[in-house]
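Worksheet for the structure shown next.
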Amino acid sequence: MAISTDKTFAANTNSPWLIGNARLIDLSGQLLGAHIAHAGLIMFWAGSITISEVTRFVPGIPMYEQQMTLLPHLATLGWGVGAGGEVINTYPYFVIGILHLVASAVLGAGGLFHVFRSPAILYNSGGQVAKFHYEWNDPKKLGLILGHHLIILGFGAFLLVLKAMFFGGIYDTHIENVRLITNPTFDPMTIFSYLVGIKDSHWTLLGIASVDNLEDVIGGHIWIGSILILGGIWHILVPPFAWVRQILPIVNGEEILSYSLLGLALMAFISAVFVGYNDTVFPKEFYGENRIVIATIQWVLGILALVGYFWHSWRSRELNSNLS
């Protein structure tokens, strides 16, 4: 099937690098390979930048003054820091960086395998692999794939919970030290009130970014991790209802991409508020008092993703009108 690049920057060109993954839109196996290879690139970036920051880290100088990008996140998770947020051991950072580099190699190899050795279309593999072949207008199969993604995200949320509660704890800026979170908040009224901006019976424009204690942070991750895993199981077993498909049509890849970009934009905007105003999640010891530059970057990325949503949503309507 020919891939149309009409109304894109790749229109009227035969340059494969400019057309990008649009060439693979109907090749489920090769698109999976590109997906895995992309994850490998992200892992490689994380690992290489972490190692680079370890090599140039200067003890006694705050991380934010050294323009660190990833080490503050690791320090926030309680790795290598002691009282007052002082870095007492950079070896955990080095190990984490190496693990990411190893993971990037594995993912890169997996991506190359699916591109060059595996069938271009998963259905042709047969067996269990064929179960993951999809058509863009098959909501049941897309629900199967979505479900597995949600379960993985849920496990990711619980990794933070395990680190905070059982494996060394995380950094608490309010006591300026690392501690175990032994009593996370389970009360649904407390946790879900943040979604509508209710904090201590008062409304705040900050919404969930108004959280000011790690018990609520970890309790929220327990809730969201559970919801993600249960939601993943639901989507694996139950196809989207007809009324859902009317609100969020599932007809082509452009629609799926537009929904993903809209979710990404939402996460970026929420992250920007957290970065700018929340010292509990972004301790000033590691990120500094003034984080306007970091927050602005998050806003710009969110706006870019939102523009992408409108672009691909329009592309989807164009494709649907051509089909009709």
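Placement of Cβ uses the backbone N, Cα and C atoms for every residue, glycine included.
Here the structure is a predicted model, which means the values were calculated and not measured.
The annotation transmembrane segment is assigned in Swiss-Prot to 31-51, 68-88, 93-113, 222-242, 256-276, 292-312 on the grounds of sequence analysis.
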Do the transmembrane segment (93-113) and the transmembrane segment (222-242) share at least 3 Cβ pairs under 8 Å, sequence separation 6 or more?
no
Go through the chain and flag residues at least 6 beyond the ends of the transmembrane segment (292-312) whose CB is under 8 A from any CB in it; none is fine as an answer.
254-255, 257-259, 261-262, 264-269, 271-273, 275-276
